[in-house]
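Undergrad: Quick paste of what Swiss-Prot says about this protein:
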- 1-25: region 'Disordered' (REGION)
- ILE35, PHE36, GLY37, TYR38, GLY39, SER40: substrate binding site (BINDING)
- GLU115: active site, proton acceptor (ACT_SITE)
Amino acid sequence: MKQESAAQSTPPPSLSPAPSAQPSWEDGDPQALWIFGYGSLVWKPDFAYSDSRVGFVRGYSRRFWQGDTFHRGSDKMPGRVVTLLEDHEGCTWGVAYQVRGEQVSEALKYLNVREAVLGGYDTKEVTFYPQDTPDQPLTALAYVATPQNPGYLGPAPEEVIATQILACRGFSGHNLEYLLRLADFMQLCGPQAQDEHLEAIVDAVGSLLPCSYLSEQPLALI
């Protein structure tokens, strides 16, 4: 059985010192805002945006530690979705979306329901490094589930998490689709993007599932 490790995502090679990230919004009335997605937002943002960039945040590791009773599970059988765990050696890949003008309030209103009300996530500022220009970091808003929210499930062996994922379905689809689409995204990012926790759960699912699972729609890198 694979043991949980605090740092399981491999960051890219060290970069030369980068300038401080510049905030993308001011005084609660932003004209432009970057939103960092590291779970279902990487393939299904469902809000209008002006730009998007693949990249990573440092100091966090992605974990399937948040319970989901709506999108990928139910009250009786909560699914498992990802959150960010503070980890000074961690690196989490995802997509940052830029919203501007009227898109800002529309996106935040939508995400408040999707991520906060239905998902149990809080907001947090993170420093995002675009894959193509890592020396030009951006300040972004991320949705993070903490142990204080009632849906938080916390750590479990990868085999247990895989069993839960295989058994759960919610209004947005099967929990397995969520896992495999996230794994597809990581493969498209290239060999420098690694997430051992995610890979271990995919492997555990493969050992439990006798047949292959195909996503309904192919995933294209944004």
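Yeah, the Cβs are placed from backbone N, Cα and C, and that goes for glycine too.
So where do these features actually land, and what's packed around them?
TA: For GLY37 (substrate binding site), other Cβ atoms within 10 Å of its Cβ number 22.
The Cβ of GLU115 (active site, proton acceptor) lies under 8 Å from the Cβ of TYR121, TYR143, each on the same chain and at least six residues away in sequence. Under the DSSP three-state reduction, GLU115 (active site, proton acceptor) is assigned to helix.
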Undergrad: What does DSSP call SER40 (substrate binding site) in the simple three-state scheme?
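TA: Once the DSSP labels are grouped into three classes, SER40 (substrate binding site) ends up as helix.
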Undergrad: Are there any residues at least 6 positions away along the chain from GLY39 (substrate binding site) with a Cβ closer than 8 Å to its Cβ? List them or say none.
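TA: Spatial neighbours, sequence-distant, of GLY39 (substrate binding site): ARG62, VAL81, VAL82, GLY94, TYR178, LEU182.
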Undergrad: Suppose the substrate site is ILE35, PHE36, GLY37, TYR38, GLY39, SER40. Which further residues of the same chain have a Cβ inside 8 angstroms of that site's Cβ centroid?
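TA: Going along the sequence, the neighbours come out as LEU41, VAL42, GLY94, VAL95, ALA142, TYR143.
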Undergrad: Could you check the binding-site residues PHE36, TYR38 and say which one's CB has the fewest neighbouring CB atoms inside 10 Å?
TA: TYR38
